[in-house]
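Enquirer: What follows is a single structure, and I will ask about it in a moment.
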Amino acid sequence: MNLGWLRKYFTRMTAFDKLKDNWFLLAIAIVISLADLAPFIGAKGGPLRPEITVKYCAVSFIFFNSGLSLKTEDLRTALFNVRLHVFIQGFTLICVPCLVWVLVHFLLMTPVDEWLLKGLQVVGCMPPPVSSAVILTKAAGGNEAGAIFNSAFGSFLGIVVTPVLLLVFMGSSSSVPFSSIFTQLSMTVVVPLLVGQVVRHFIKEWLERTKPPFGTLGKAVLLLIIYSTFCDTFSNTALHIDHYSLCAMVFIVFVLQVCLISFTFFVSQVQYFGFTPSDTVAIMFCSTHKSLTLGIPMLKIVFAGYEHLSLISIPLLVYHPTQILLGGVLVSRVKQWMQTAEKQRLSSPSLPK
């Protein structure tokens, strides 16, 4: 009896299953291609109106979604995980700027454009984002509550700390409209999160019974953010610089992120810190991501009137989509590692519970 057709059927089914498991990566490739075809649609001022739909609606939905899906007791526990918060904020706003400063001084000896390198230093001083790190942590099954707290707290902290860091490393200073940025963050992060928690209180039983696909919804919103980001990137005229410097900056940003993620992955597993595998996942994404939403407005304020402002902005425009793409690629592998490490931790009495 010829069973070749049966083997082919199961082979196709396996390939389909693999495609289904990695639909997010395929979707990322599709939205980037669409952004390249017609960047004006999702660019600022375009028909999609990302300055409203992404900046306010998408980010607000992400945190409402998190507030709705998060158990209140988990969020309460995360607030008191001081060691985790200190590690993430210290690495993001102290270690990364210093490491980038050393890297930039080394790269100044190369032919890479000097203003692009200064832009790389600016990236190092930026606060964490308020959306991508949370979504990726949730997708990988990490400490979502810890990621939410540190993304929100880091963004608020960055409003004050980032201008100071820019003054120290770049010699630039300016008055920053703290009140308006605080208001914006409160309305798009804190309020939706609290509303989600209140709504959860009333429909908790229904949520536990039906288990809505919160993770899939979060990824769908992240695709919108990716699309808008690449539309802005592809439509930005400042990207027309010498190809060597631009390609070199893309490579440098990619290698830098890989090194930062690898470093936080290994250091956070040192037993002294007492972090769980789910904490490590939150640390990997929250400590290494930088905010484009807060970064671009801050650049326009702090470097107002600078002739090379567009060049300084390019590394941040490169860093933001790279961190999302790299995170999307790593999610499945990180999730597998975390599940294995969690089982080992629970079965070993010597490891922190």
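Please read every residue number as a count from 1 along the shown chain.
Backbone N, Cα and C define each Cβ position, glycine as well.
Bear in mind that TrEMBL entries carry predicted annotations, made automatically and left uncurated.
Under the heading transmembrane segment, TrEMBL lists 21-41, 82-108, 147-169, 181-203, 215-234, 246-267, 308-331.
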Enquirer: Of the listed stretches 82-108, 181-203, 215-234, 246-267, which one has the most C-beta pairs under 8 A with the transmembrane segment (21-41)?
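Expert: Stretch with maximum Cβ contacts: 215-234.
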Enquirer: Give residue numbers and ranges for long-range contacts of the transmembrane segment (215-234): same chain, 6 or more residues beyond its ends, CB-CB under 8 A.
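Expert: Counting only partners 6 or more residues beyond its ends, the transmembrane segment (215-234) has Cβ contacts under 8 Å with 24, 27-28, 31-32, 34-36, 39-44, 46, 48, 50, 53-54, 58, 61-62, 65-66, 131-132, 134-135, 138-139, 292, 317-318, 320-321, 324-325.
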